[in-house]
Structure formats: C-alpha cells, structure tokens
Amino acid sequence: MTLRLSRRAYAEMFGPTTGDRVRLADTELLIEIERDFTTYGEEVKFGGGKVIRDGMGQSQRVAADVPDTVITNAVILDHWGIVKADIAIKHGRIAAIGKAGNPDIQPGVTIAIGAATEVIAGEGLIVTAGGIDTHIHFISPQQIDEALASGVTTMLGGGTGPATGTNATTCTPGPWHMERMLQAADGWPINLGFLGKGNASLPQPLVEQIAAGAIGLKLHEDWGTTPAAIDNCLSVADDTDTQVAIHTDTLNEAGFVESTVAAFKGRTIHTYHTEGAGGGHAPDILKVCGEMNVLPSSTNPTRPYTINTLDEHLDMLMVCHHLDPSIAEDLAFAESRIRRETIAAEDILHDLGALSMLSSDSQAMGRVGEVIIRTWQTAHKMKVQRGALPEDTARNDNFRAKRYVAKYTINPALTHGIAHEVGSIEPGKWADLVLWEPAFFGIKPSMILKGGMIALAQMGDPNASIPTPQPVHYREMFATRGGALARTSLTFVSQMAADAGIAERYGLAKRIVPVRNCRNVTKADMIHNAWRPSISVDPETYDVIADGQLLTCEPATVLPMAQRYFLF
C-alpha cells in the first residue's frame, strides 16, 4: 500500500527532496536539491513510532559493521553538490554519504544502522563542512570560542597573544614561541596550525621555525617584505613542502607589485589582502589575481562593500598597524590603503571567482566570527546587483552557492595542504560538520561536530526538564571535555616537524597531522574560483579594469543576515 504526499508534507516530515528549493537565511539566494540519496517510502527517522527501531530501520549488526553516528535526511551544501542524504560517521571520520537503514529488510541501503549507532536528526537542516579561516592573528584565545560558534572549525595563522607584533602580523616567531603555541593548542576544541615569521634573507632562521612545527611562513610588510626576503622564504618553502602567505609592501618602498611578482619566480604563494583596502601594494595589489602561481584571498572587513565600509576603516587601520594619527606620514599610509573603487571591485572579483578565498584577519581589522556571514552577504549583494551567474538558472543559485562555500572550505584546505583531512564533506575526511536551520544559515549554527562528536550546540537551561527552555545559547558539549578534546581536534604541522618527533618532545596530546602538497597547487586548482583576469588599476582614479571591463558597483545600504538576527 502506498501513500502519496504533497511536496510540502514530505518536506515537513523528511526534509526537502530533489527539485525543492531552500532560501538561505533572509538572503535572495535559493538553492535547489540536485539529488536525493534516500529511497521514497524507505526513509529513516528517529522517534516514537518512527522507523529507526529494532527490527525495523535498525539492524542486528555489530559495532564494527555500522557507523557510530548517522545524520539522517540532511541537505548537504558543498563545493561538489547540493544533495539530500544520510551521513555516516565512524571513528571521527565521514564514512559514507548515502541511504541509511536496515539492509536486511530495506532496499538500497548503503549505510547499516545498528545498536551502536547514534542518530542526529538532519531533517530540514543544511549541513556544511566546517569553515577554515586562514588569516588568524592569535591575539586572544577567546577568538576560538567566537570562531567555533560561527561554524569555523580550523584556524590557521600566527601570533603569541596581544604582543605588538601579533596585533599587526600573523606570525609565531621562532622555535620557542612555536613550541608554546603548539602546547596551547591542546586546550582548544578546534583544529589549529601556526605560521612562522618569513621575513629573513638567509634560510636558517626560517628552516628552524618549520622544524619547530610551523605549517608555513608569513611574509608581512611590517617586518620588511623585500624581494630578497620573498625569494628566500619561497626557497625554504619549496624545500620543506610548506606554504607561504604574504602581506605585500603597501608603501612600494622595495618595489612595486611587478617587483613582488618577479620575486615569486612562478612559485606558489598565498597572497593575503588581495583586496581593496586591507593592505599590500597600493593601489594595484589586485593585479596578482591574474597569476597562475598566486592563490588570492581577501578578508572580511571590506565584505561586502557598504555605505559604512570606508568610515570604519581608517581608525581600525591606525590601531592595528601601530600608527600615530598625529604623524602625517602615518596618516598618508593609512589613507593610501582605503579606496572605494578597489573595494567595490573586490565584490565583483569574488563573484566572478577571481578571488579564491575569504578569511577574517581576526582582531587586526577583521572579525573572527563573521567569515561565514560576510561571505554569504557578499553573495547576496552580488545576486541583487548583478543578477544570476551564467552557470545558474532562473530557478536557483546553486553554482553561486558552491562558489562561495568553496571560499572558506575546500580552497583554503587545498592552499595550505590540509585538504586530505578537512575542507569538504567527503568519505574519509575528518567529521567536522556544521548543522544549520535554513532560516539561520550562515549566521547561527544549530550544532557543530568536531571529529564526529558534538562540540558546541544551542542548548537551553541545563536544569530544565527538556533541552529547549530559555535561555538558549551556545554551550560547550562533551567533545570539549577531558581526553575527548584531544581526540576530536587536530594540530597541523610540517612534515619536517612530525618526522622530528615534536609530538613527543613537546608533550602534545592532540594528533598532529603534517601538511602536504603545498607547493604544487595553482590557481587552476581553486575550485569554482580559478578565473585569472588581466587587471589594471588607474593610479589616479583607482578604477579597476579586468579583461577590458570596468569593475564597479554601488555600496549596499542594507544587508541580510544582520540586525534582525542579533537583537539579543
């Protein structure tokens, strides 16, 4: 006997299916389910009178043959697709994406549920990979709480706390600081990796930082990003299979953007602040988007361009870079970095896939808890101002959604050599997953899983008779306690450091994972974000021309994902 359900009734019971569309928060972005892995009439759902019961949707298989956790009927939004599926997690990793149930009595089951299986109800929820923020100033450890609550599960950058150098640059300088920061990483339920200081003209000061555990090196203009330092740093990176991140020379003291590109010598580099106001060669750092060896990112303070963007930037810049507004040269330095024309162009370059990544620049002009919000606000603004992308249809914004989610998930992972572990929802990867109600997508996750275990969730009064009574707010869960913390989060290091046994020498509790394949990644590998336009910036007007087209747009006067979500 069969029962025909309306689409609305089906979606309310099991979540949306193929052909259904979902609005992301209060934006103008609509995603459409491309495929449903479940079988109609054989869906599994937990609860009283529901399917996942002994002898029904739950089989008799032992723990070795079933997942530890199944997320049922979830909508997966990832760079590779937008699908409805059950997600299996085993030993902290994504084990399968498919159809869960009891294979002894149900057809088409690819994920067997057993008595050893926990269930998370994903009906009506969107699941994304945990975000990766590659531009962290480790100024305060409390940033980690904010980042995790926003859906970020991996933080890469440098620093030692609120030291003056860290306030301005993302460097953890020297072996002693590197060891201390790696030891500190054991205390936080998030994946961490640290960049050493790359500003030196001889190899040994850099090699010793890689050997101490750095995942790469950071060149920053405040330490002197000269062509000699760039060349030396990239040579060390090539020898150690690590990445280099660079904040280029705003003042053009040691050369112009062409000098910096020449110093790259075609070698792979992650260019921070490839943007309209964050720093680097003024006014034309955007030119580097056209280089095959350059992996460009921008940061969230200029995302997206609004009527308030320019006003807040001057004071932020003066504080972050230890400048004095009473000194004319310092003021001129700051003003040279803030250009409305290049900020506007940054919006469009993101939308067309020329800028491959988006990060925070935490407490150093950027907001650590707003990477994901600002990404989707930019996508919304571009949809409203520029319409559908050529790859999309009138029904949905699927390609645009895949392009923007890739900017803070898979592309940062590929850039920094950690894509074998994190960055996407694929079997074999670490189960860092973020669950969202569509109305709160990108803003306030319902639950964050780290290594397959719930680390943070919206939870009501712990003394209440049920989980939901107010006050409901984010509370740390069991993955953040005791020995579970070290077994559900990762610390990324160089292969050189791992081979040298730093885990034992430093007494680290977390599993260390070496980065790899950092030197052979190119712009062509940046998923959905590989466009390499020929860019010029007028030195007088700051107009940005890409492949012969003027890139300009109006500032937004109002944004979604903003005040209506943060009244309390």
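The backbone N, Cα and C atoms fix where each Cβ goes, and this holds for glycine too.
For the Ni(2+) 1 site, Swiss-Prot records His135, His137, Asp361, and the single candidate of Lys218, Lys287, Lys429 listed with them is Lys218. Ni(2+) 2 binds Lys218, His247 as Swiss-Prot records it, and from the list His270, His273 the residue named for this site is His273. The Ni(2+) 2 site, placed at the center of the C-beta atoms of Lys218, His247, His273, has further neighbours from the same chain whose C-beta lies within 8 angstroms: His135, Thr169, Thr170, Leu219, His220, Glu221, Ala245, Ile246, Thr248, Thr271, Tyr272, Gly279, Gly280.
With every protein chain in view, the residue among the binding-site residues His135, His137, Lys218, His220 whose Cβ has the most Cβ partners within 10 Å turns out to be His135. Those same-chain residues not listed among His135, His137, Lys218, Asp361 yet with C-beta within 8 angstroms of the centroid of the Ni(2+) 1 site C-beta atoms are Ile136, Gly157, Gly158, Thr169, Thr170, Ala245, His247, Tyr272, Thr299, Ser359, Ser360, Ser362, Ala364, Gly366. Remark: His273 (Ni(2+) 2 binding site) has His247, Thr248, Gly279, Gly280, Ile285, Ser297, Ser298, Thr299, Asp361 as non-local neighbours, by Cβ distance under 8 Å and separation of at least 6 in sequence.
Around the Cβ of Asp361 (Ni(2+) 1 binding site), a 10 Å sphere holds 30 further Cβ atoms from the protein chains shown. You'll find the Cα of His137 (Ni(2+) 1 binding site) roughly 12 Å from the Cα of His220 (substrate binding site). Neighbours of His247 (Ni(2+) 2 binding site), defined as other CB atoms within 10 A of its CB across all chains, total 24.
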